[in-house]
Amino acid sequence: MLVNGKWTKDWTPVQAKDDKGRFVRQVSEFRHWITPDGEPGPTGEGGFKAEKGRYHLYVGYICPWASRTLMVRALKQLQDYITVTVVNPVMTDQGWQFDGFPGSHADELNGHQYIHQLYTQVAPEFTGRATVPVLWDKKLGTIVNNESADIIKMLNSAFDHLTGSTLNLRPDALQQVIDEQSVKVYDQLNNGVYKAGFASTQFAYEEAYNGVFSMLDMLEKQLSDGRKYLLGADITELDIRTFVTLIRFDVAYYGLFKCNRNQIADMPFLSKYVQRILEIEGIRDTVRIDHIKHGYYSIKALNPNGIVPAGPDLDIIG
Ligand SMILES: N[C@@H](CCC(=O)N[C@@H](CS)C(=O)NCC(=O)O)C(=O)O
């Protein structure tokens, strides 16, 4: 991580822990919003008007948080509006690096070698972890936002007047239920698998493991009435938040994070649901199993010898 703008090498995936050994995730720092007219959003400053070609996403295919921004970019047909750079999924002792892995890119925009250099370019005294995703403004040469929960919301509406997209991932009538369920899905599933993987006590691990599987059981039941998506016939933000963890589950979380009661492949409704979402136009391009596998298994604290498991076979990806 960065401390007063200087890279410190003792990177550990356990960002912080509480008195019971629970993993605690860092709060994001850059919280401006792109809006149709450049007016300020719910947080941060104004001046970030939606414009074609002005904004850029730095992402990793390994990363569920970054991947949800890629999913919304695809669903909202923003590929021609927002450009993308993909980092190398293998974590180095300087954090995320550009280039050097099939499907990753050099940083053509800013010419950096590492993601942390983007942060110090904008905030020379930055203290914190240099995470992806980063939503970058090419015009002002700055970070707009590095919190994927904000980014997926702004991409859902800020460009609609330019793209003509009518898909709404947060319809008014569902916003409350999306937000309520998202809190639980985040706590028990998205972040729950990390809490299991990075627990530093048996207690914290078992607590997280139980949370993960009670959520998966609940979601399996929710889908068992034949509905297409979690809240009915149409895809919403809740599906995107859920999918990014489900698609990484069998290949990374089941083994590396010890979430091993069963795989998603053993849950028929969830398996079909994952498949259904993968088949939506543009979504398969946001998923690279090789990045996910090599990336997670490069976390030295959990897998010191760096051996990447051969299995499981994932029929689902094709
Ligand atoms: N709150 C952030 C979290 C992003 C995050 O934790 N990204 C991870 C990759 S999955 C990262 O870049 N970690 C690097 C580090 O912790 O040093 C978001 O959702 O955008």
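Even glycines carry a Cβ here, placed using N, Cα and C.
On a predicted model such as this, the values are computed, not experimentally measured, just so you know.
The active site, nucleophile annotation in TrEMBL covers Cys63. Marked as active site, proton donor/acceptor by TrEMBL: Tyr194. As annotated by TrEMBL, glutathione binding site applies to Trp96, Arg129, Ala130, Thr131, Val132, Glu147, Ser148. Among the features that TrEMBL reports, domain 'GST C-terminal' is placed at 168-302. Here TrEMBL flags Tyr253, Tyr296 as site 'Lowers pKa of active site Cys'.
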- Message: Cβ neighbours within 10 Å, counted over all protein chains: which one of the recorded positions Trp96, Tyr296 has the most?
- Response: Trp96
- Query: Long-range same-chain neighbours of Glu147 (glutathione binding site), Cβ under 8 Å, sequence gap at least 6?
  - Reply: Ser28, Phe30, Arg31
- Rounded to a whole number, how many Å is the Cα of Ser148 (glutathione binding site) away from the Cα of Tyr253 (site 'Lowers pKa of active site Cys')? 20
- Looking only at DSSP and grouping its letters into three states, which state does Val132 (glutathione binding site) belong to? coil
- Message: Please identify, among the recorded positions Cys63, Tyr194, Tyr296, the one with the smallest Cα-Cα distance to Ala130 (glutathione binding site).
- Response: Cys63
- Task: Please work out the helix, strand and coil residue numbers for the domain 'GST C-terminal' (168-302) from the DSSP assignment.
- Result: 89 helix, 2 strand, 44 coil
- Distance [Cα-Cα, Å, rounded] between the residue listed as 'active site, nucleophile' and Val132 (glutathione binding site): 8
- Query: If you run the three-state DSSP split on Ser148 (glutathione binding site), which class comes out?
  - Reply: helix
- Task: For ligand 1, pick out the recorded positions Arg129, Tyr194, Tyr253, Tyr296 that have a CB under 6 angstroms away from one of its atoms.
- Result: Arg129
- To the nearest whole angstrom, what is the C-alpha distance linking the residue listed as 'active site, proton donor/acceptor' and Arg129 (glutathione binding site)? 16
- Message: Which one is it: of the recorded positions Cys63, Ala130, Val132, which Cβ has the fewest other Cβ atoms within 10 Å in this structure?
- Response: Ala130
- Task: Only counting partners 6 or more residues apart, tell me which same-chain residues put their Cβ under 8 Å from the Cβ of Tyr253 (site 'Lowers pKa of active site Cys').
- Result: Val193, Ala196, Gly197, Val212, Thr245, Cys259
- Count of other CB atoms lying within 10 Å of the CB belonging to Thr131 (glutathione binding site): 25
- Item | Helix, strand or coil at Cys63 (active site, nucleophile) [DSSP, three-state] | coil
- Message: Taking only the residues the record lists as binding glutathione, namely Trp96, Arg129, Ala130, Thr131, Val132, Glu147, Ser148, what is the largest Cα to Cα distance between any two of them, in Å to the nearest whole number?
- Response: 17
